[in-house]
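**Q** Below: one structure in structure tokens.
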Amino acid sequence: MGCGTSKVLPEPPKDVQLDLVKKVEPFSGTKSDVYKHFITEVDSVGPVKAGFPAASQYAHPCPGPPTAGHTEPPSEPPRRARVAKYRAKFDPRVTAKYDIKALIGRGSFSRVVRVEHRATRQPYAIKMIETKYREGREVCESELRVLRRVRHANIIQLVEVFETQERVYMVMELATGGELFDRIIAKGSFTERDATRVLQMVLDGVRYLHALGITHRDLKPENLLYYHPGTDSKIIITDFGLASARKKGDDCLMKTTCGTPEYIAPEVLVRKPYTNSVDMWALGVIAYILLSGTMPFEDDNRTRLYRQILRGKYSYSGEPWPSVSNLAKDFIDRLLTVDPGARMTALQALRHPWVVSMAASSSMKNLHRSISQNLLKRASSRCQSTKSAQSTRSSRSTRSNKSRRVRERELRELNLRYQQQYNG
């Protein structure tokens, strides 16, 4: 999930106390083919939730019929065998401290497992990244550079890091509350006041990041997780694989083209230098989805999608928009503006009347029915177009995969047309 450009090496820890293993000698034993060729999937993965039904899509594939001459050991149940298999891929220093429980996420160069601290029995997530691959190395460097600096209630916390010659193991908080839109579907009621509570937590985390010179660059619903299943759970921001970290107060412009198409800001599409205002555009898209269950910009054709974004044209037609307050629409309008200089900052967004009125006059109309129907309708449509049963998940309507990442060639062609039109 890297941007395709090299990044600087991680900074030393500042705000977080880390137990960092600088170098671990290779295993003296013989490595099996499974160990050497561990990564086989085709997508990257960020910090992943656990304990939520949808996590089953990341489970280890069910074994097929046994091949000739091969049978499962009768003394070891399949689940125990799978856990043992993944445990064997971890450095002994990790398994000495953490008990490997289950695989909860996988990617082309990473795995995320649920673990338990042997001494305290506290659950954590460990993200294991194969740094021998360039893309994995870039994502690892980016995440470590950010997570070593941050300490905020609404941002995933790094606990400690173990490093070997070919892998990095990042021990992080375990978010068990599920994804944002999965919770909305399950809740049965969702009002503007609920929306402002969610956005206030996310905005406070983004404000903190921007104050440190950190731009997330890939804010989207699946990177916003509930910390626990309770109704009072906080939201945490995850997945900093595309993040840019600069020195505090440094206003230097960024140029790397990266992000997820539906959430990417216009200035990135035309390959102009950009600032952390790209995160605010993405938050405008998230706010729009949060209040309607639909996307402001959407088209299966990338070129048409990008043209929609460049024009900044979206609609408030259809349900539930007639029931949404003008104040909420004004909040979105001030974020989804093509001119990055005119967009609200995170601090300004926190002070917007719609967010400030969260506990007082925000609309209490229940938008749940329309939002749920829109999310499920879009998920069903996506399922038919991809012929994938997994697409029926409610939050699948806002998900992206590697094939949906921004492609340099498409942006070069789009930028050429844009320049020709502008100069003509």
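Going from the start of the chain as shown, residues are counted 1 onward.
Heads up, the Cβ atoms here are built off N, Cα and C, so glycines get one too.
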**Q** Name the residue, out of Lys97, Lys127, that Swiss-Prot lists for the same ATP site as Ile104, Gly105, Arg106, Gly107, Ser108, Phe109, Ser110, Arg111, Val112, please.
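**A** The one candidate that Swiss-Prot places in that ATP site: Lys127.
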**Q** Starting from the Cβ of Ser108 (ATP binding site), draw a 10 Å sphere and report how many other Cβ atoms land inside it.
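**A** Ser108 (ATP binding site): 17 neighbouring Cβ atoms within 10 Å.
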**Q** Return one of helix, strand or coil for Ile104 (ATP binding site), based on DSSP.
**A** strand
**Q** Determine the most Cβ-crowded residue among the binding-site residues Ile104, Val112, using a 10 Å radius around each Cβ and all protein chains in the structure.
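**A** Per the Cβ count, the most surrounded site is Val112.
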**Q** Counting Cβ neighbours within 10 Å across all chains shown, tell me which of the recorded positions Arg106, Ser110, Asp218 comes out on top.
**A** Ser110
**Q** Indicate whether Ser110 (ATP binding site) is helix, strand or coil by DSSP.
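**A** For Ser110 (ATP binding site) - judged by DSSP and reduced to three states - the answer is strand.
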**Q** To the nearest whole angstrom, what is the C-alpha distance linking Ile104 (ATP binding site) and Asp218 (active site, proton acceptor)?
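**A** Asp218 (active site, proton acceptor) has its Cα 21 Å from the Cα of Ile104 (ATP binding site).
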